[in-house]
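Trainee: Input: one structure, supplied below.
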């Protein structure tokens with residue numbers, strides 16, 4: 001592994017990042033115990049799933065940092081887990097509104113604004129869609145398809161990679177990487193669209209439950225785990241990111257070997273993978289701490305629509 005050739009500053013950095021990963025996992029475990037004790041059972045598992053996104057990504061990044069040959073498998077684990085988290089976040093917003101039945105009652109005559117990102121943010125002429133049980137089903141299906149197909153495509157990538165038919169940096173039309181990546185990109189956009197539509201609809205209703213901060217944390221994880229990694233990989237492909245400290249001379253020699261050809265057990269053992277893992281550990285550590293502050297609160301359930309209507313009627317009769 002590349003860590004075998006680290007000098008003293010490099011070992012210190014690796015130790016600090018490993019400690020941050022350990023602290024992030026301990027904070028998540030403590031938070032999961034709190035949620036299990038204080039949150040109703042109907043919301044318990046969904047909130048724990050959403051909270052686990054940052055610690056899981058930090059853990060997989062830490063493993064990939066110490067063992068570069070496991071990068072393909074750690075990326076697979078993080079990608080599959082976050083695909084499920086996207087679906088769980090949509091379900092969490094519905095649960096916070098009291099469930100699907102109460103959501104339909106609250107927005108009985110409402111309409112979804114579908115001209116939102118990341119799919120149709122520029123199509124302002126699109127008509128609004130009425131909020132019904134059917135539209136909710138299609139929105140759930142939009143996130144569920146990503147949680148289902150992303151693991152299948154990642155598994156297919158690993159199978160092709162072990163057979164020597166898949167190279168992530170080979171973006172030629174004859175290679176499988178470009179087609180799998182494009183298909184995953186389309187599925188990702190289709191999965192993020194329903195979440196954005198639902199957030200635009202319920203953000204005012206759930207403002208007392210800090211839904212804006214929760215959505216911001218979810219977006220940060222998405223951007224850092226996908227967009228940041230893609231940018232670093234593109235810079236590495238253009239040789240803009242060199243093999244540089246904190247790697248020692250022997251580690252940089254191993255890094256040079258990976259530039260010249262792929263190892264039989266890894267597909268990106270270069271410095272870009274190391275930089276990505278180190279950045280993700282620090283970022284996910286901070287997000288885990290912030291998530292503990294945002295989610296570690298007991299919020300009162302929203303009042304049913306009937307109660308709200310009765311109170312409005314009483315207020316009108318009082319004068």
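Yeah, the Cβs are placed from backbone N, Cα and C, and that goes for glycine too.
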Trainee: To which of the residue ranges 176-199, 248-271 does TrEMBL assign the term transmembrane segment?
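Mentor: Checking TrEMBL against the ranges 176-199, 248-271, the transmembrane segment one is 176-199.
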Trainee: Could you check which of 73-94, 95-116 is flagged in TrEMBL as transmembrane segment?
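Mentor: Spelled out, TrEMBL records transmembrane segment over residues 73-94, not the other listed ranges.
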Trainee: Sequence-remote contacts (6 or more beyond its ends) of the transmembrane segment (73-94), Cβ cut-off under 8 Å?
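Mentor: Hits for the transmembrane segment (73-94): 43, 46-47, 49-50, 52-53, 56-57, 60-61, 63-64, 100, 103, 136, 139-140, 143-144, 146-147, 150-151, 154-155, 157-158, 191-192, 194-195, 198-199, 202, 206, 211, 214, 218, 221-222, 225.
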Trainee: Taking the transmembrane segment (211-236) as the first stretch and the transmembrane segment (46-67) as the second, find out whether 3 or more Cβ pairs fall under 8 Å, excluding pairs closer than 6 in sequence.
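Mentor: These two stretches do touch.
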Trainee: Mind checking which residues of the chain, 6+ beyond the ends of the transmembrane segment (12-34), have their Cβ under 8 Å from one of its Cβ atoms?
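Mentor: Long-range Cβ neighbours of the transmembrane segment (12-34): 3, 6, 48, 51-52, 54-55, 58-59, 61-62, 65-66, 246, 278, 281-282, 284-285, 288-289, 291-292, 295-296.
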